[in-house]
Amino acid sequence: MYSGAAAAAAGPPRRDFISVTLGPEEAVGVGGYNNSKAWRRRSCWRKWKQLSRLQRSVILFLFAFLAVCGVISYTSMGEAWKGITNKSLDDQRTEQEIPGLKLANPAVLPAPKKADAIHGDYPELSLQKPPKPPHVRRGPSNLQIKAPWRDARLKTRHDTTTAVEELVEADKVEKTEKSIISWRGAVIEPDQSTEPPSSKIMEPEKPSSVEAEGQKEPVPINERQLAVIEAFRHAWKGYKDFAWGHDELKPLSKSYSEWFGLGLTLIDALDTMWILGLKEEFEEARKWVANDLVFDKNVDVNLFESTIRILGGLLSTYHLSGDSLFLEKAKDIGNRLMPAFKTPSKIPYSDVNIGRGTAHPPRWTSDSTVAEVTSIQLEFRELSRVTGDEKFQKAVDEVMKHVHTLSGKNDGLVPMFINTNSGQFTHLGVYTLGARADSYYEYLLKQWIQGGKKENELLEDYMRAIEGVKKHLLQRSEPKKLTFVGELAHGHFSAKMDHLVCFLPGTLALGAHNGLAADHMKLAETLIETCYQMYAQVETGLSPEIVHFNLHAQKGHKDVEIKPADRHNLLRPETVESLFYMYRFTGDKKYQDWGWEILQNFNRYTRVPTGGYTSINNVQNPSNPEPRDKMESFFLGETLKYMFLLFSDDIDLINLDKYVFNTEAHPLPIWVPA
């Protein structure tokens, strides 16, 4: 700092200057910062050059990634906008056809119509011309059947307005509820305990646009199917009025009989009601299952019968409805049946106390029947698949592997009994496809199909057994030369054939459909003719439980002979079952006609006016068939279900490439690769 005196002595003041040289890049107005585009480009380039090579590579990668994402998003938005536009046009067309109707989301699963869609007695049923359905794209999920959308196509005299109201209401419900139960084109609010199946097991596959475009028109219910629905509702009326919650109806005495005390008829009929579209009856039965079906009770049940009827029925209904209530009940009964497998040989006992957790053979023997221990596999394998608990499948697979290695077979044919202690066949030398052995052969094929056609041991055993049937059990009757399946006892052939054997034509046809030998279908065609003649050659048009065939022509004698002890009819399903398979795979209308004859004769000789159907003692006496006062649960679970499917021309109504029926007619999904 300078003082004032020094400043004065220095003379006049001097101005100081600082010289600053500005380069051309910084000089204003001489190429410097002026916010021009050229300046900004040069500035960005300089900054870019200052970045390291790694930094520049990362930035370039991010730009490329964003560009790819942009292209994909543009494509997706285009398809979505196209779909929205198509849907809007479809909705406009639908509103023109049905004013005021707003479609809910299309159902993935078929759902029963309201029960009052079909009113009155059978003679008054009439099929009205269905209105044109709205255009709805639909596709099957991986494990579920395609929705027939019947109530959008078929409107009987009382349900047109109701169905429209349900669809409008369903649209509101769908917006507010995450979980829905679908009822053939409408949606209803589930009970609080209802959940959709686990996504791990039941995740539906989104159908491709090709699948959606290729869908055929829905198939309406026809008059014969309506007759089956009427028959079911008549049988259900008797059960509801006189045997509700009990095992079986006694329609003549208007009471009931108990076997296990577990509502067998109700559980057996659950999936039948779903398939027939009987919404009201299904909801009513579901409430009973939710509130009254209890397995914690001190009662002995037969392992085989409870597996095919109860476990199979619950699993099937779970898959068709998506209602987890049925899966929880299936897990409960499945766990309670497991003590049956605690035997020295792993061949299960025949009886289980589901309350105490104990199991035992019959009081008179330590044997189990071969059919019973080898016809529970479809159900326990499926229970493992949907629960993730392998113990169920492991137990039943051990049985099949053990039987596969056993001696005592005759060209693939197995004896009727097996000992639970030694694990060996007993009563050797007797071979039949009737009682005590029948479903062993059926389940060999069906397990192979269920598992995706990968388990070669099952297929080998099945093919060998069919060859054994051809070699040892096939004969032809006189005078019509009907091919039938007899029995072999210690080298002696018997021309005896149980009605139960009539499962075989359908099983053979199913195998041929899945790529097995073509001559299996030819044999199926000859055998189903024989099974039909077991009805047609009888005075009531109903088959007895057992027939004997004439091997030698005798004047005045038919092919079929019936002994007094065998002339009862239990409303069995086996012939109708095979007719269903034969029609589904051949399209030959004669199989539907044969089934129609059988249904009419059931109505004529077994129908009880106050509700229900009864088995009869004498199929040879049309004037007095001697009713037995019992309606077996399988009449609703199997016979009427197969009747309904037989009369349907919709191959997607339980598609046989997606489902396999257990031996009680409960459809279970065919496994596909995960």
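Cβ atoms are placed via backbone N, Cα and C, with glycine included.
Feature annotation from TrEMBL assigns transmembrane segment to 57-77. The active site, proton donor annotation in TrEMBL covers Glu305, Glu545. Residues annotated as active site in TrEMBL: Asp438, Glu574. According to TrEMBL, the feature Ca(2+) binding site maps to Thr663.
Rounded to a whole number, the distance between the Cα atoms of the residue listed as 'Ca(2+) binding site' and Glu305 (active site, proton donor) is 10 Å. Cβ neighbour count for Glu305 (active site, proton donor): 17 (other Cβ atoms within 10 Å of its Cβ, all protein chains included).
Rounded to a whole value, the Cα-Cα separation of Thr663 (Ca(2+) binding site) and Glu574 (active site) is 10 Å. All protein chains shown were included, and the count of other CB atoms within 10 Å of the CB of Glu574 (active site) stands at 24.
Ranked by Cβ neighbours within 10 A across all protein chains shown, the active-site residues Asp438, Glu545 are led by Asp438. Note: the Cα of Glu574 (active site) and the Cα of Glu545 (active site, proton donor) are spaced 11 Å from each other.
Between the CA atoms of Asp438 (active site) and Glu545 (active site, proton donor) there is a gap of 14 Å, rounded to the nearest whole number.
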